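Asker: Handing you this structure, nothing more for now.
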Amino acid sequence: MSDITEIFQRLEQKSVQNKTFAQLEKAYSYAELTDTVHRIGGVFQAQGLTIGDRVILSSRDNFALGSLVLAGLRYGITVILMDPDLGSIRAAELIALCAPKGFFVDASLVDKWDLEKKEGFLFRWVKRAKKKGTLFKKMLGGKKSTGKGEQSFLETLAEMPKADFPDRIDPATIAYILFTSGTTSTPKAVQISHKALWANLDTITRVYELDEHSRIFNILTTYHTDGIMQGPVLAALNTAGWYHPMEFTVDQVPRIFDAIYKYRISHFITVPTMLAFLLKLAEGYEDSFSGEEFRYIVTSAAPFEVKLWEDFEKTFQTRVVNNYGLTETVVGASYSGPEEQTRKVGTIGKPIDCVFRIVDDKGRELDSGEAGELLIKGDNLLTNYLNNEEATRQALQDGWFHTGDIAVRDEEGFYKLVGRKKNLVISGGINIQPEEVSEIINTHPAVVESVCFGVPDPVFGENLHACVVGEAGTDLDAVAIIEHCRTQLEPAKIPKQVFFLNELPKTISGKIKVRAVRELLEKEDVADAVQGESHREGIFAAAAEAFKVPRQQININTTAENLDGWDSMAHLLFVTKLEEQFKIRLSSKEIMVMSTIREAEKIVSQKAR
Amino acid sequence: MDLLTYILFFGLALTLITWLSPARWQIWVILAGTVLFLALEAPVSLLILGLTTGSSYWIFRTSLSLTTATILILVQNITIFVLYKIGIGAALLSPVDRLIPLGLSYYSFRQIHYAIERYKGKVGPHNFGDYAAYMFFLPTILIGPINRFQPFLRNIYRRRWDANLFSEGLERILYGYAKIVIIGNFLLTNKLTAVVTALEGKNEWLATYLRVLNYTLNTYFQFAGYSDVAIGLALLLGFRVMENFNYPFLAPNINEFWNRWHISLSSWCRDYVYTPMASITRKPIIGIIMTMLVIGLWHEISLKYIIWGVYHGLGVAVWHLYNRSELSKRLQNSLPAYDYWAILLTFHFVLFSFVIVKEENWQAIVQTYRLLLGLA
């Protein structure tokens, strides 16, 4: 099994030092990384930290975060990754839970989280935004630094002495702590040991066939296990490159496709939501994963819908590996693909280097085909939840980790997720405990009560919706609720929609009937979906007739570029057929824009409404 | 030094400097190289390109509606284009030089394409630098192709050093050079012309036929050769631009010929002339005739080119009627070697149209047709 001492010996070899460690806003070499890690060690030493001590890390500077995590691992310091988007109340709770020896944070968080008043040392810096006009400033001899207290991470560290590495780190030492939503409103602090971390990353390396030539494109948030462990840490383990040149936003989708090609990416670590966005904006970029260097797309963190999986692979002519794991299993536990014998679309594949069991409520093992809770045993499991014995006792029994996911094993040994035991919403790969959000909404002075729940969504997997009862006579609206949430919650946890009711339906015992509220909203969504689907069939038929091709040849991804019969004459015929069929009149602009079936469906749906 | 060699040396020097520059400056180096080239070769064109590039971008940032902004750009570009094509533009600036400014035919159409794509909402996020890089891209500025903005934008962000692409670029330049120098200049201009001269007075029909054939083939090899050089230079700089020719003389019908000949212009006209015209009138025939007229007038605003455009327009329209007829099906089933006859007929349809373009005046045109048809 790998260990951090041996990894850093490799990183300090001459042949590795010049290699790219990370391509962020700019590129950083392994020489820069190891130099930075030694200087962070200097800070650890100056603060008198010893192996096993805990520090909190929070920054939007990805190089700072990546190198701090690796430094923590190398010096045996337990790093706690805390999302800078956390509100002050939640941050205070988590700091109290973890009792760290100090903080490495962006200067902006010091006031936001009131860190001056907390116990422990404070190491802060400024995350500089990219400035315009740098070239001219340089030419005119402008000064680099912006003054005292305004130094960047590297400038602040430059003043620190370098420290030697400790000889070895005990594998049982806690490597890092990440927070996960539990069954209560307060997140749990998952403690992962060095042993678990390297056991799992060794498995990942083998399954995804990573080596020193690999280039890992991972732009997931570095406060999620998939973003940080399958990003800089996995890259360092393999002396490979970590590519995170932009943050994910919808208008960056074309740049993501471009970056995959430009940087000769071999592995793309992502989540289903990102794949759904890429698929929606695929037109013209279908060859993005066809470069000879490209190996695999790996998706994790959330259920991967069969339709998305199939459509994505068909459109981009590539293979997606579906990885199942939780924060508690480091990263992965089972993998559907890339090997043919472990791949089955719609499943989470088979466990590798760990074992699965499916049990009923009484803990009895179930046969294949029967649904029950999924349990995992292996070296990749958490040590415990920090300062939460009750949660640890419930989750870890006789070495088996209780995932809370309901799964079925088929005859061939493939596992499939069919539900969730705990009330958890996974939206865009982020776990949300609905009670956590309801609790925050309820603190609004004009709210009587509220309930939050997940609603299926084709892009995000699930969306969090909130139903709120306001005080009589108050002028409460969705904007006020969202604004209120924004001050206390990370952006991903803010409800996508807020509905208002005069009262929430309840059981006799006074419990809110979530299902009754949920069904009410789902009905509206289904009505919309049915309308869209009915247009689709008609459009396919019109296209098949106009372009003189079999109906099966037309699908939602058909374009004038990829269908031979779709020439300019046939285009007009297609348009006329659509007009007749849906009793609409299309404008010249609409006719000009309609060069894909997807576009046609969008326009027809709008018109026919 | 002839223009081809000059472009080639300038392009190769620019390629070298570009790749030696830091990655984030490379686009700007190409842009600066283009400005320098135009400043030396065609300052008037540089001025027009600079001003119209600025206006066709910034007009979308004003409070004008999308439709008004688009119409203004169309009016601006079509006006400048027409004024120069009919000789007024050049006369205004210089009474002697009546040539159209270098590259105007190409960059005007690029700007119109950009404006309409913005109107359609089909242009992804970009900034003025991206647009300026597109407009000031040396390889395609002189002789096309009229490459599109969206793939160019994508190239800006995808560019990387790629040895395969680079060697493909060198190969394309070599092919282009061979087409122009060996086939065009040596075989056709020198050798075939000598054969034609020898035949004159002995076999007038053959001499005339070979003269028109020579002109037709030379036009193709010169133009396709220059396009290869342009595409090759773009590849050297890390950009893949659209193809302009795809074996047009092997087209089995005239519609297909236009899908293979000067592809960047014909597809431009399909998207921005045919589709709007056909969708407004709902009469494809009007769209076809208008498209071919624009293609004709793009070359030169004259009665000759109007007739040339209508000739091709009617050809395409008749082919569409034929293609849907019973006759077509019957002939395809009964005529032996139908495909070869189709290629031969299409080639001669095109060859006949070149008579209109080639000859100086109407008497010569009529005389050539009489000779070719055996009426003289």
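Cβ atoms are placed via backbone N, Cα and C, with glycine included.
As listed in TrEMBL for this protein:
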type     : residues  : note
TRANSMEM : B:25-51   : transmembrane segment
TRANSMEM : B:63-84   : transmembrane segment
TRANSMEM : B:131-153 : transmembrane segment
TRANSMEM : B:174-199 : transmembrane segment
TRANSMEM : B:219-239 : transmembrane segment
TRANSMEM : B:280-299 : transmembrane segment
TRANSMEM : B:305-323 : transmembrane segment
TRANSMEM : B:335-357 : transmembrane segment
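Neighbours and distances for these, please.
Answerer: Within the chain carrying the transmembrane segment (B:131-153), a Cβ under 8 angstroms from the stretch's Cβ atoms is held by residues 3, 7, 10-11, 14, 27-28, 30-31, 33-35, 37-38, 49, 53, 57, 102-103, 106-107, 109-111, 113-114, 117, 122-124, 223, 226-227, 230-231, 233-234, 237, 239-244, 262-265, 268, all 6 or more beyond its ends.
Long-range contacts of the transmembrane segment (B:219-239) within the same chain: residues 4, 7-8, 11-12, 14-15, 18, 26, 30, 137-140, 142-145, 152, 155, 159-162, 165-166, 168-180, 183-184, 188, 245, 248-249, 262, 354, each at least 6 residues beyond the stretch ends and with a Cβ under 8 Å from a Cβ of the stretch.
Long-range neighbours of the transmembrane segment (B:280-299) within the same chain, counting only residues 6 or more positions beyond its ends whose Cβ lies under 8 Å from a Cβ of the stretch, are 85, 105, 109, 262, 265-266, 269-270, 273-274, 305-306, 308-310, 312-314, 316-317, 320, 357.
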Asker: Residues of the same chain, at least six outside the transmembrane segment (B:335-357), with any C-beta under 8 angstroms of its C-beta?
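Answerer: Residues packing against the transmembrane segment (B:335-357) from afar: 212-213, 215-216, 219, 248-254, 256-257, 299, 304-305, 307-308, 311-312, 315, 365, 368-369, 372.
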Asker: Please indicate, using numbers and ranges, the residues of the same chain that are 6 or more beyond the transmembrane segment (B:25-51) and have a C-beta under 8 Å from a C-beta there.
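Answerer: Result: 10, 14, 17-19, 80, 93-94, 101-104, 107, 129, 132-133, 135-138, 141, 156, 159, 237-238.
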